[in-house]
Amino acid sequence: MAGFTVAIVGRPNVGKSTFFNRMLEQRKAIVDDVSGVTRDRQYGVADWNGKTFNVIDTGGFVANSDDVFETEIRKQVKIAMQEANLLIFMCDVTTGITDLDSEVADLLRRSSKPVFLVVNKVDNNERRLEATEFYGLGFEHVFFLSSMTGSGTGELLDDVVAKITPEFDEAVAKSDLPKIAIIGQPNVGKSSLLNALVGEERNIVSDIAGTTRDTIHTHYNLFQKDFILIDTAGLRRKTKVNEDLEFYSVIRAIKAMDEADVCMLLLDAEKGITAQDLNIYSLAARKGKGLVVIVNKWDLIKEKQTNTARDYTKILKERLAPFNDVPIIFISVTEKQRIFQAIESALQVFENRTRKIQTSKLNEVMLKAIEKFNPPVVRGTPIRIKYVTQLPTHTPAFAFFCNLPDDVKPPYRNYLENQIRSNYDFTGVPIKIFFRKK
Ligand code: GDP
Ligand code: GDP
């Protein structure tokens, strides 16, 4: 998986979110017509011509006044320049160049990373003429497009993927040891957890420099188990100025995620799971990473009745659906409760992720399940699944061979996934299912 990250920066309402959705070819994000409303930051993985890259929309922030707003945008642009591999600077042809655009342009011109200036809302030829004023901002790469209609987006994507050089595609840290990343929002207790582990100096075998200067890989040996913990540099410092910025922590989390086999997603027990956590969680799942959900600060939940953890788990699993076959561990770093169980669980997920099932056994189990509940007939012809095999992929994937692969609908796909999960331990591991013509 490429660790290439594209950040979209620009004023509110220029169409960043619309463009983001088009890049990801899905319509899940909320597009709001009101300037400066709070909106969750969006991130995802885009595929173009067989290359994948991370896309981050810097859109989400609160603006109570113009000043705050400008400071906030400036801050985000700076972080994007530091952390992303390519910047998309989006402007709006209908407003022309605004003062804020010029200011952002001044910052971006100093960037050592490639900057693509995208003039959006160029829906027709007339606007195309108006758009030429944006050459005045002095960028080498200028694109005119309409996120609404999609015109012009293909050329842009071609040029984006052209910047993904082979070094980004290379597997990170060529080690067979399990690589575990600690991720989560600011203040959930990531540093505390790391320090609780790092504090045990005797467990550290060695520090391996990350493939990028932003992550630190530490080789541990605990309970006769070897593993690598990935953390972002900021977590270890006493003053975590940057790490507290939400945007910064997101972009770093994505980097750590790209280098990891398993992600430990930390939550704050009192705050519960937020929309941002869910975004990060589903991104990790999409990337085929193993997942463990860690509910930290469990000490703060008072009046623990016997059912508290069970009820909490139930609610959490509902929010995590559809992929919710994950371990959920309740810990308290300050009281040193279940910290090692969290690590053990991550190592178990790592094992699950490498699980390979013998084809004969798999067919025995799955053909029986299929016989018990056949795929519904779609166009008069029954769907016959003849054979299933686990693919020799890095993350678990299964191919079901049948006569009408395109007619198998998601509910039946989910049935098959549940059958696999109930027969084999893939806890914490996203699995892919394909239907192929026999
Ligand atoms: P963001 O705040 O920068 O993320 O902007 P949004 O994506 O929320 O878009 C702001 C408004 O511009 C919405 O009403 C969109 O429908 C509209 N918009 C976005 N892209 C285009 C486009 O290519 N053409 C036109 N005409 N409108 C667009
Ligand atoms: P990070 O931003 O995710 O790295 O979070 P920190 O490790 O800096 O922790 C944020 C705050 O939460 C600090 O004040 C910690 O002392 C506190 N904290 C961390 N773990 C726990 C815990 O298990 N229980 C309680 N009560 N506080 C915790």
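Using the three backbone atoms N, Cα and C, a Cβ is placed for every residue, glycine included.
Just so you know, TrEMBL annotations are computer predictions that nobody has curated.
The domain 'EngA-type G' annotation in TrEMBL covers 4-168, 178-354. As annotated by TrEMBL, GTP 1 binding site applies to 10-17, 57-61, 120-123. Residues or ranges marked as GTP 2 binding site by TrEMBL: 184-191, 231-235, 296-299.
Here the features listed in TrEMBL are placed on the structure.
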| residue | record | DSSP (3 states) |
| --- | --- | --- |
| Gly10 | GTP 1 binding site | coil |
| Lys16 | GTP 1 binding site | helix |
| Thr58 | GTP 1 binding site | coil |
| Val122 | GTP 1 binding site | coil |
| Gly184 | GTP 2 binding site | strand |
| Lys190 | GTP 2 binding site | helix |
| Thr232 | GTP 2 binding site | strand |
| Trp298 | GTP 2 binding site | helix |
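Listed binding-site residues: Val122, Asn187, Lys190, Thr232. Those with a CB atom under 6 Å from ligand 1: none. Separation of the C-alpha atoms of Asn187 (GTP 2 binding site) and Thr58 (GTP 1 binding site): 20 Å, rounded to the nearest whole number.
Ligand 2 lies under 6 Å from the Cβ of the following binding-site residues, listed in sequence order from Thr58, Asn187, Lys190: Asn187, Lys190. Local packing around the Cβ, expressed as the count of other Cβ atoms within 10 angstroms, is greatest for Thr58 among the binding-site residues Thr58, Asn187. As a whole-number mean, the pLDDT of the domain 'EngA-type G' (178-354) in this prediction is 84. Of all the Cβ atoms in the protein chains shown, 22 others lie within 10 Å of the Cβ of Trp298 (GTP 2 binding site). Ranked by Cα separation from Gly184 (GTP 2 binding site), the binding-site residues Gly10, Asn13, Lys16, Thr58, Val122 are led by Thr58.
Comparing local CB density within 10 A for the binding-site residues Asn13, Thr232, the maximum falls on Thr232. Checked against Trp298 (GTP 2 binding site), the binding-site residues Gly10, Asn13, Lys16, Thr58 differ in C-alpha distance, with Thr58 being the nearest. Ranking the binding-site residues Gly10, Gly184 by how many other Cβ atoms lie within 10 angstroms of each Cβ puts Gly184 at the bottom. Here the CA atom of Val122 (GTP 1 binding site) lies 44 Å from the CA atom of Lys190 (GTP 2 binding site). Between the CA atoms of Gly10 (GTP 1 binding site) and Thr232 (GTP 2 binding site) there is a gap of 26 Å.
Between the C-alpha atoms of Val122 (GTP 1 binding site) and Thr232 (GTP 2 binding site), the distance comes to 39 Å.
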